[in-house]
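Worksheet: one structure, shown below.
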């Protein structure tokens, strides 16, 4: 795969390689897919204000996430059912992420269990959680994640119901018969059956608790000592409530544009959330990251780091563990180059003044 020079090329190759139902499941968004396009397009409206004549001989991309040192502020988002993309699935992603020195988030709906992912060796891993109607199962999942040395719980808060993903409805999406949702094996929850529309939508309707509210964030803190990140926050109001509820951090996310269409691009919602938390907890971003320049823009707007989803599953589909390693390496290298060309030698040197956005007030240039 030597000829691949950027992250987007993996999606083109994955589309050729994967069955249509599986590619569409990973690639598509909700309804008109406006937000899906906007997650990418919004980055192109943010421009750089590079600083020059700064010694950039040494660039340090390392940072800290919830106290854990990582090689770069680029982490792996939770994406479901990775064995649909490649036989090694989450195992390959876990090994590649550890090798890159960064954090993997394992989906509740993974095709490998928390124990299996832990068996791949050392690594900093978070566990993404959907709160199910049966709270005993939630309690079990959290305890298993703790026992498997996962370091945080990422609570998805934007999915009381599944968004209308029309590609999945057309394809009558179903988990291939040789695969199961491994974290739910033995709990009578591991199967996504064929239905007249999306099998996943029917599964979610049956299992996920629509009554989830702020009191459940508090409840979760009573059953685990792990820090809890809230994934799916898009507004200042909810950011402030997240701080009050004791969240350890926020992931600004629109679920890869798979839930509510015409929600804003995450990069457009980011600054509002950052301002609302006033530095009390870290804010991360996922959605639309395809370039190192995107990572820099998110950090300039106040993010402590970003998570990538689709680039992982598409590179996994094309070239397994080596593909995921290459995606993480390419994003690292592009990000490091962006830092150098912007005059930033460390993460803390990246500031709001390094970018300009459509909503900025015009700058008054002082006369010399």
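Cβ atoms are placed via backbone N, Cα and C, with glycine included.
What TrEMBL records for this protein:
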ACT_SITE  255  active site, proton acceptor
BINDING   25, 165, 255  glyoxylate binding site
BINDING   78-80, 107, 128, 130, 156, 231, 253, 258, 286-290, 309-310  FMN binding site
DOMAIN    1-360  domain 'FMN hydroxy acid dehydrogenase'
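For residue 288 (FMN binding site), the nearest neighbour among the recorded positions 25, 165, 255, judged by Cα separation, is 255.
Binding-site extent for glyoxylate: residues 25, 165, 255, maximum pairwise Cα distance 13 Å (rounded to the nearest whole number). Between residue 309 (FMN binding site) and residue 25 (glyoxylate binding site), the C-alpha separation comes to 13 Å. With the fewest other Cβ atoms inside 10 Å of its Cβ, the least crowded of the binding-site residues 78, 288, 309 in this structure is 309.
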